[in-house]
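Record features, source Swiss-Prot:
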{"type": "REPEAT", "residues": "9-53", "note": "repeat 'WD 1'"}
{"type": "REPEAT", "residues": "54-93", "note": "repeat 'WD 2'"}
{"type": "REPEAT", "residues": "95-134", "note": "repeat 'WD 3'"}
{"type": "REPEAT", "residues": "138-178", "note": "repeat 'WD 4'"}
{"type": "REPEAT", "residues": "180-217", "note": "repeat 'WD 5'"}
{"type": "REPEAT", "residues": "219-258", "note": "repeat 'WD 6'"}
{"type": "REPEAT", "residues": "261-293", "note": "repeat 'WD 7'"}
Amino acid sequence: MRQPLICSGHSRPVSDLSFSNENSDGSFIVSACLDGSPMLRNGENGDWIGTFEGHKGAVWSSRFNSTASQALTASADYTVKLWDTLNGSEILSIEHQSIVKTADFSNNNSRVVTGGSEKILRIFDLERPNDPLLQISGHTNTIKTATWSVHNDDIVLSGGLDEVIRIWDLRSGTQVSLCAKSSITSMEFSKDRRFLVTTAGNEVTFWDAQSFYPLKVYSLPFDVNCASLHPDNSKFIAGGSDFWVHVYDFSTGNEIEVNKGHHGPVNCCRFSPDGASFASGSLDGTIRLWKGM
């Protein structure tokens with residue numbers, strides 16, 4: 001069993017984390033936490049770099065833009081905040097009418113999508129953020145996760161407590177619904193842009209990233225909160241209700257290893273961009289960085 005680097009600093013459950021793309025300075029981790037203080041860390045060793053100060057409520061999601069120059073956080077204080085990762089300053093704050101659970105950058109970094117307990121998706125232009133470009137209704141319960149298609153900045157995907165993944169065409173306003181058996185807990189695209197990885201209930205599903213046809217569905221013996229596919233597509237990690245981070249063979253679904261250490265359910269997990277490590281965040285308030293993949 002591998003021994004993780006334990007990244008302390010948060011005082012309440014860690015709700016989300018993301019790795020940046022690699023650049024000349026390496027990679028970084030941004031974490032969201034119910035303590036309201038998102039943190040920036042070195043992606044190689046987990047060392048704390050800084051804390052983004054300004055939220056007045058729990059922070060539910062955290063994302064980098066493609067160059068790692070900015071970070072985006074969504075909060076229970078009814079705001080989405082854009083941060084400068086170099087100096088930690090708040091660039092702008094986008095007001096909402098209720099708790100915001102998710103926010104993500106478009107591929108070209110010019111727009112963001114947000115969603116939360118209002119059950120409404122909003123699209124904002126970061127050059128003119130005072131009013132949304134679009135407001136999209138259709139979800140019947142809280143939106144927990146939303147992201148942009150890696151192949152088309154006019155396509156947005158969202159999922160949440162209504163047990164449906166919705167694929168929205170922003171040009172026409174039409175949607176396609178992919179039904180799940182349980183609430184959608186996480187959603188990410190693979191590094192090579194071939195797969196969409198989603199979790200719901202005890203299932204991890206791998207979809208074709210262009211046709212959105214389900215290619216593989218693996219049922220696991222615990223409720224899954226998160227999953228991430230290795231950059232070479234050989235294996236995936238999953239975490240959830242049993243406190244452990246599991247590693248599975250992508251082709252067969254067979255379990256390769258179990259990583260124990262968290263003292264609460266695993267809320268989020270991601271592979272590093274080079275695949276040499278993965279990070280997990282938990283209800284126990286810690287981030288653990290697992291090396292040597």
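Cβ atoms here come from the backbone N, Cα and C positions, even for glycine.
Here the repeat 'WD 5' (180-217) has Cβ contacts under 8 Å with residues 144-147, 149-151, 157, 159-165, 167, 223-229, 231, 233, 236, 238, 240, 250, 253, 268, 270-271, 273 of the same chain, all six or more residues outside its ends.
Here the repeat 'WD 1' (9-53) has Cβ contacts under 8 Å with residues 59-64, 66-68, 71, 73-75, 77, 81, 83, 85, 88, 90, 264, 267-268, 270-274, 277, 279, 281-287, 289 of the same chain, all six or more residues outside its ends. Remark: secondary structure over the repeat 'WD 4' (138-178) totals 0 helix, 26 strand, 15 coil, with classes taken from DSSP. Packing against the repeat 'WD 2' (54-93) from elsewhere in the chain are residues 12, 15-21, 23, 27-28, 30-38, 40, 99-105, 107, 109, 112, 114, 116, 124, 126, 129, 145: each is 6 or more residues past its ends and has a CB under 8 Å from a CB in it.
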